[in-house]
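What TrEMBL annotates here:
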TRANSMEM  6-24  transmembrane segment
TRANSMEM  114-132  transmembrane segment
TRANSMEM  152-175  transmembrane segment
BINDING   173, 319, 323  Zn(2+) binding site
TRANSMEM  187-210  transmembrane segment
TRANSMEM  216-236  transmembrane segment
TRANSMEM  248-269  transmembrane segment
TRANSMEM  281-300  transmembrane segment
TRANSMEM  321-342  transmembrane segment
Ligand SMILES: [Zn+2]
């Protein structure tokens, strides 16, 4: 009897324990499920909150860097004509007549902020990439550094041309609220920067394209130099310095870009389309030119502010998009140059040309 009672009680206890475990398990699952869902929802909202909480305070704290008395933005209706950009209706800095005040304008939001910061970022990006590649090259080519040095000088020349372009551009956009005369002067510096970058791009392209054809390299380098000097003279002349000459300036730069087609046709004649399609430098040069082209078309047509005037005063205006496309194009091409340098691409080009073996591809 006692034994039977004990058995029943034991069964009851075990059943109760199993039931409790089951209930706890179910409860636990629910709790865990709820907790997971909660976390998921909270993550979702966190992302949304984060987006707003990062974006908004970032702008307001950026604006707090400079005392409010120093901030001088105004609408297009109050801004002198020489300073006005079509379809940009607000966010203009008042004329400062002071370089210190112009410099301080880097630290508050106006319609040139993205233009200044985007290319300032480019300056640091290219300087970082140069130092990274220099140290890697020194370590990688310990015994063959001498033979790789000329190639590295060419890459460094391109990097320097990108740094100059970005730096001159940032300087122009920072100081173009000083006064009309000073703005005109800095605008010329901006053009010189663009020309230097175009020249740097062509020179490296020609160097790689005609690496085994010395006289063609000399011929095209001379040709591009003459065209660049002519464009430089045209760009710094008074006629091209006013805002109405923008379409003409865009045409001058497009003309130089088109003049780069000639050496490309020659490279095509030597190596054929198959080789060009396999060549990472020429491929990436092509992508880079497309990015420049997109930037120029956007810039010349004032897209998107032409269709939504006043909506793109501070962010994503045509000039800002042009800056971003220049940054992307310059980076794309440098990426290809750097990759080719570390993978002995020059040798591959000739190797393929002489033996018809497959070259490296990315
Ligand atoms: Zn610009």
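Note that Cβ sites are derived from N, Cα and C of the backbone, with glycine treated the same way.
Remember, it's a predicted structure, so these values are computed and weren't measured experimentally.
On the structure: features taken from TrEMBL.
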residue: 173; record: Zn(2+) binding site; Cβ neighbours (10 Å): 27
residue: 319; record: Zn(2+) binding site; Cβ neighbours (10 Å): 21
residue: 323; record: Zn(2+) binding site; Cβ neighbours (10 Å): 25
When you scan the chain for residues with a C-beta under 8 Å from the transmembrane segment (187-210), skipping those not six or more beyond its ends, what do you find? 154-155, 157-158, 160-162, 164-169, 171-173, 176, 216-217, 220-221, 224-225, 228, 231-232, 235-236, 240-241, 249, 253, 256-257, 260, 263-264, 266-267, 281-282, 285, 288, 326, 330, 333, 337, 340, 345-346, 349
For the transmembrane segment (6-24), could you work out the same-chain residues 6 or more beyond its ends whose Cβ comes under 8 Å from its Cβ atoms? none
Highest Cβ pair tally under 8 Å against the transmembrane segment (321-342), stretches 114-132, 152-175, 281-300, lands on 281-300
Would you list the other residues of this chain near Zn(2+) - those whose C-beta lies within 8 angstroms of the C-beta centroid of 173, 319, 323 - in sequence order? 112, 114, 115, 116, 118, 119, 169, 320, 322
